[in-house]
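Per TrEMBL, these features apply:
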| type | residues | note |
| --- | --- | --- |
| COILED | 230-257 | coiled coil |
| COMPBIAS | 588-624 | compositional bias 'Basic and acidic residues' |
| COMPBIAS | 625-641 | compositional bias 'Polar residues' |
| REGION | 582-642 | region 'Disordered' |
| REGION | 662-682 | region 'Disordered' |
| TRANSMEM | 6-21 | transmembrane segment |
| TRANSMEM | 33-52 | transmembrane segment |
| TRANSMEM | 109-132 | transmembrane segment |
| TRANSMEM | 152-171 | transmembrane segment |
| TRANSMEM | 183-207 | transmembrane segment |
| TRANSMEM | 384-402 | transmembrane segment |
| TRANSMEM | 431-452 | transmembrane segment |
| TRANSMEM | 472-493 | transmembrane segment |
| TRANSMEM | 529-548 | transmembrane segment |
Amino acid sequence: MSGAALGLEIVFVFFLALFLLHRYGDFKKQHRLVIVGTLLAWYLCFLIVFILPLDVSTTIYNRCKHAAANSSPPEGSNMTGLYATATPVPSQHPCFKPWSYIPDGIMPIFWRVVYWTSQFLTWILLPFMQSYARSGGFSITGKIKTALIENAIYYGTYLLIFGAFLIYVAVNPHLHLEWNQLQTIGIAAANTWGLFLLVLLLGYGLVEIPRSYWNGAKRGYLLMKTYFKAAKLMTEKADAEETLEDVMEEVRKVNESIKYNHPLRKCVDTILKKCPIDYQEKMGRNMDDYEDFDEKHNTYPSEKSLVKLHKQVIYSVQRHRRTQVQWQILLEQAFYLEDVAKNETSATCQFVHTFQSPEPENRFIQYFYNPTVEWYWECLLRPWFYRILAVVLSIFSVIVVWSECTFFSTRPVLSLFAVFIQLAEKTYNYIYIEIACFLSIFFLSICVYSTVFRIRVFNYYYLASHHQTDAYSLLFSGMLFCRLTPPLCLNFLGLTHMDSSISHQNTQPTAYTSIMGSMKVLSFIADGFYIYYPMLVVILCIATYFSLGTRCLNLLGFQQFMGDNDMTSDLVDEGKELIRREKRKRQRQEEGENRRREWKERYGHSREDSTRNRNVHIDPKESNFSEMSTNRSTSKYTRANNRTERDRIELLQDAEPLDFNAETFTDDPLESESGRYQPGGRYLSMSRSRIFDDV
């Protein structure tokens, strides 16, 4: 099993990252480099979280082995097979090799590759790809130039920070500049930035995640919040449609002004390809490419203005598509919550849906998750399950907050994470150690990463599910993950006292902390910022519990869901009316489809049979008259084979009886044969034989 656990987790984490990226990204429409860059960033960050417990268990075993090697065994004890046997020989250090043991030399190389690759992504490659993806240039060279200009200030800022640390080390007479120390300064600068953001996100997630599950048990609360979201989303949807119309109007003007032989026509064609299909067809019909452009009399947009327009088209189309999809998803969610509220008082214990799901369900799911099971789960079990889960998560949050405030205390050990790990270390229960470490760091990661998925910075950064996230937001999320994960892991190792700089013990460090270097080069960071700054999580948790951030945003004009606010009540009523309107609209559509289906099933076959019978039982007089007219027209047409086209038309006109009851006539046989409707109310080209052709 040596190394097998590492390989299994590497494969599992890859598919986990691929699944999440498929949920938020669009593999078909987005650029492959964007998908690969985001997937690599997410994969490396998730990999660090999943592999770190194996590093902890391996380090504990190595400490035990090192202590056993440095101590003399008692007399009469047999040391043969001490580390490999399942039943240890009595000794002072009963070391067992863990099932997930990773051989020496593998983890340091693995952590170096993972860490420096993630740092290269977050500080160099992903910012450049962000600017490249957001650029409206029409060539690769133009996009690269725009990306370099936009990132010049970005890179200059971080070089300034690194230079400040470098000057501090150079001025300090007790320190000597070496490559390892420069590397430590860079790692310290990156971890300081990440820890600053980590505490902010962690303080929000520790409170909001348990509260979201507790509120999830309240059906009325979820339904009111859904109505509130519907009102806000409708406003955003209308704004997106209006923006798209304005941008498409600009595109139409450019399309009409720049003709087919203009040098910038290729740029216009590139912009048209990014427009919705209906707008493309409309602009294609109204365009006249036979007109040449005239530089003397007309003014044409510059290439720079076309680049700006191209960027606006990409943004407006993406936003419009996202709001349309989110509106449909929100409607389904609102309809389902209303169904749950109605079925709670059902006496039949059968869950009844107002609308059937448009997608066919799996037979396996239909068999086990039938209406009875669905009713018991949605109306009885799910609220209680959410309440229990909220209580468990709240206990975890309290443990994290307590440990963040006391992890610097080593005698006595006050951090609960450190207490649990040290108790398991005494008995060398590696499975318990790995489970405890995994649950701890997994909960911390959920609190941080879920906040990254939830936050929205206007329309600048927004992760939308169902393949509606744009390339810029995907790359930005990859940058955040790569910057937050290393300080998150260091903070976890500090909470468990596996970091020697926190425990102040001369023990073997983990392979992960060994690549970080000694933070003693920057003592004010190692002994000050890293220890006392995480205590601010208490203040952030209190602020989140009392919704201070939400209240501040509400005062600034950004409507947030608050139960004791008049604006919230107005938006809830507006959203409720919108949902009711959409529900009536869908009900009318379904009723119309059902009526058409019933009509087709009831009268479709009988109508076909009656048509066949009418074709069989035709009046003999009508049949003879039709045959005579056909023969007469055929004979006249045969005699006129050698005449001109005009003569043929005249003969065909003579073969058709004129309508003498019409008020006006025409002498032009072309108009007569075209079947044009005349003021007399008759079609002059219709003969008696044609009247009965449809019978």
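From the backbone N, Cα and C atoms, a Cβ is placed for every residue, glycine too.
Take the transmembrane segment (109-132) and the stretches 152-171, 183-207, 472-493: counting Cβ pairs under 8 Å, 472-493 has the most. Using a Cβ-Cβ cut-off under 8 Å and counting only residues 6 or more beyond its ends in the same chain, the transmembrane segment (384-402) has close neighbours at 202, 206-207, 209-211, 213-214, 216-217, 414-417, 443-444, 447, 495, 537-538, 541. If one looks beyond the transmembrane segment (472-493) by at least 6 residues along the same chain, the residues whose Cβ comes under 8 Å of a Cβ in the stretch are 21, 24-25, 30, 34, 37-38, 40-42, 44-45, 48-49, 52, 56, 115, 118-119, 121-122, 126-127, 129-130, 133-134, 190-191, 193-195, 197-198, 201, 404, 417, 437, 440-441, 444-445, 448-449, 452-453, 461-464, 499, 502, 510, 512-513, 516, 530, 534.
When each of 152-171, 183-207, 529-548 is checked for Cβ pairs under 8 Å to the transmembrane segment (431-452), 183-207 comes out on top.
Here the coiled coil (230-257) has long-range neighbours at 268, 271-272, 275-276, 279, 283, 286-287, 298, 300-301, 306, 309, 312-313, 316-317, 319-320, 322-324, 326-327, 330-331, 334, 559, 571-572, 574-575, 578-579, meaning same-chain residues at least 6 beyond its ends whose C-beta is under 8 angstroms from one of its own. Residues 35, 38-39, 42-43, 46-47, 50-51, 54, 100, 102, 106, 110, 474 of the same chain lie 6+ residues outside the transmembrane segment (6-21) yet bring a C-beta within less than 8 angstroms of a C-beta in it.
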